[in-house]
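According to TrEMBL, the protein has these features:
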| type | residues | note |
| --- | --- | --- |
| REGION | 1-34 | region 'Disordered' |
| TRANSMEM | 59-80 | transmembrane segment |
| TRANSMEM | 92-109 | transmembrane segment |
| TRANSMEM | 116-137 | transmembrane segment |
| TRANSMEM | 143-160 | transmembrane segment |
| TRANSMEM | 172-190 | transmembrane segment |
| TRANSMEM | 210-227 | transmembrane segment |
| TRANSMEM | 248-267 | transmembrane segment |
| TRANSMEM | 273-289 | transmembrane segment |
| TRANSMEM | 294-313 | transmembrane segment |
| TRANSMEM | 379-399 | transmembrane segment |
| TRANSMEM | 411-432 | transmembrane segment |
| TRANSMEM | 444-463 | transmembrane segment |
Amino acid sequence: MIPRTRAPGRHAPPALEGVPLPAGDGQREAQGEVGRRTLHIPSRRRAPVARFTWRWRELGLLVLAALPSLCGVLVLSMILELPLADTRFRPVFAFLLLLLGCHTALSLGRSRADEVLLPLTGALAGIGLLLVTRLVPVLAQRQLMWTVVGAAVMLIAAIGPWDVRLLERYKYTAAAAGIALVALTLVFGIDPNGSGARLWIGFGGFTFQPSEILKVLLVVFLAGYLADKRELLSVTQVRLGLIRLPPLPYLAPLFAMWGISLTLLVWQRDLGAALLFFGVFLVMLYVAIGQIRYVVAGMALFFAGAIPAYFLFSHVRLRVEVWLNPWVDPQGRSYQIAQALYALGSGGLFGAGFGNGYPLYVAAVHTDFPFVALAEEGGLVAVLALLLLYALLATRGLQVALAARLPFNRLLAAGLSSVLALQAMVIIGGNLKLIPLTGVTLPFVSYGGSSLLANFLILGVLLRMSHEEHAMNLLRGSSAPRFLSKLPWTARSRP
């Protein structure tokens, strides 16, 4: 009888004759004492880790996103009779290289995030930088600088060594930081524009608008709080007329948001931030609980505070009166909105042509009215294209929320997406005289460093959540809802 040596492992293959394998082959061998009979037992090899994730869809969409900026520079160079190599156009070309760099960084970071978010943002930011180059060329370099800083913040948030759950752990810290920002603005706020609203904090040669970061901190806190208390908020114990509410202690965030909104409205004269913050809160409350009564109660609270503010505070009353009838004093207090309406009316279907309009007649056109400048020179076609970009951006962000497994991630993605969508709606509605004019910026398009930093941070967090959910889907073998994957504008990115 020939003795055999039992090879390690649960299922050893039959004895095989062969040449001993070279060292380093990754296989084990067990040799018998007779006949040099050798058992070769292959071991499992670990799959090589990819050092580069090809994001071809993102690269192709970035090429399309660069077309409006390139075409705008070409048209502007012909109108101004300047060569393309002129220093005036360098910020736009540098921005296009920045987009390519962001794509490369995401690929090198092996990000599996949504491949449509960055191109949509790139198209909007490119249009914004092009408008600044057209309207106020001396500010184009500064806008590019803030865009570079914002892109760096976005990449750190998207591929940095951190986890989204860290935000949930420090939700109350985010709330405290937000309250501190409001307090700092009330005490040390400055008014560099002379509008009467002390919304900025100055340091060195720069000014910073805390309300832009406050909106991100607000969403982080609300996402964490509502994820913890959503079941308790669904229980009704108090009846207020036709509305049934949960125990009053759990309504503390509702009253806190009401107080913050009124503070911004009255003392800081920031109607736009008040509308934005309270609107985001109501959206997140509805996403968390799914009951419309809270939205109705919140709107009732807002109007209960806004109506007395109209009669008590002159700056609130002035905004509303200018909105209702701007033609009473078109050369005075209504000059800005009156000129904006003239510009909108002269745009027509295709506009006056890029560089051929007169948007500079509108005061603060590069900060408060870039939508009007685009409408005058690009017409209805350009306006619809811009609205489509914002709709797609909000849709992709909400898709990240729908794909999230954890309640906090779902609420955070929905809140951040609603910030971008509601902010665009508030400023565009004010430009069109649908609502009173506010001081919020058009996301990624208006000139302003604080706004760019906050919006790129939102983009980075959305990319991070998209990457983490993609990794969880690979582990669980699941995907987004089937009805979403059939829509071309909400189809999930394939690995």
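A Cβ is built for glycine as well, from the same backbone N, Cα and C atoms used for every other residue.
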Is the transmembrane segment (143-160) in contact with the transmembrane segment (411-432), using three or more Cβ pairs under 8 angstroms as the rule and ignoring pairs under 6 apart in sequence? no
When each of 59-80, 116-137, 143-160, 210-227 is checked against the transmembrane segment (92-109) for Cβ pairs under 8 Å, which one has the most? 143-160
Which sequence positions outside the transmembrane segment (59-80), separated from its termini by at least 6 residues, show Cβ-Cβ distances below 8 Å to it? 86, 88-89, 92-93, 95-96, 99-100, 103, 115-116, 118-120, 122-123, 126-127, 129-130, 133-134, 353-356
Near the transmembrane segment (210-227), which same-chain residues lie under 8 Å Cβ to Cβ, leaving out any that are not at least 6 residues past its ends? 167-168, 170-172, 174-175, 177-178, 181-182, 184-185, 199, 201, 233, 253, 264, 270, 273, 276-277, 280-281, 284-285, 288-289, 406-408, 411-412, 415-416, 419, 450-451, 453-454, 457-458
Who are the chain neighbours of the transmembrane segment (379-399) in space, where the CB to CB distance is under 8 Å and they lie at least 6 residues beyond its ends? 114, 116-117, 120-121, 123-124, 127, 347-352, 371, 413-414, 416-418, 420-421, 424, 428, 443, 445, 462, 480, 484, 489-490, 492
Counting only residues at least 6 beyond its ends, the same-chain positions whose CB falls under 8 A of a CB in the transmembrane segment (172-190) are 198-202, 207, 210-211, 213-214, 217-218, 220-221, 224, 260, 263-264, 267-268
